[in-house]
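Below: the structure, in structure tokens.
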Amino acid sequence: MTSSSVFFLLLACFATCAGAATFTVRNNCGFTVWPAGIPVGGGTQLNPGSTWTVNVQAGTSGGRIWGRTGCSFSGGRGRCATGDCGGAYSCSLSGQPPATLAEFTIGGGGNHDYYDISVIDGYNLPMDFSCSTGAALRCRDSGCPDAYHQPNDPKTRSCNGNSNYQVVFCP
């Protein structure tokens, strides 16, 4: 391998790896939550006290993580009482209301990420959403002041790129 091909390989890795983020999703509820995430993550089952880690690449926009409740699955298909995504265990589309949403764009503004909590689609679980280099957002009920309640609410926060995020249900 020539030095120029090594350089281009490193440059390609830097371009795709720069701005990536790690999301740690934790269930502090006294019951099972089935978190879901789009466009990355899919979905999983989180028993009380369990965590789920999702790696999100730079350039991801319109990302969402939410908790589904009251779910029953068999063979990858089923139904959830809240946040259901077309009966899929691993979501590829947004959940149905009500669903408290952790929304994000990774690498959307140069070396900055953007994140918020939204209850525009309704409220189903208390949530904390924080960035390792930014503000911690808290939502304990449908009237939470840290959340978007309508599309024009100025609640989006910025965070340095390459940050880690934490989403906690029932903090």
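Each Cβ is built from the backbone N, Cα and C atoms, and glycine gets one as well.
Checking Cys80, Cys91 against TrEMBL, the residue bonded to Cys85 by a disulphide is Cys91.
Sequence-distant contacts (6 or more apart, same chain, Cβ under 8 Å) of Cys91 (disulfide bond) comprise Ala36, Gly37, Ile38, Gly41, Gly42, Gly43, Cys85.
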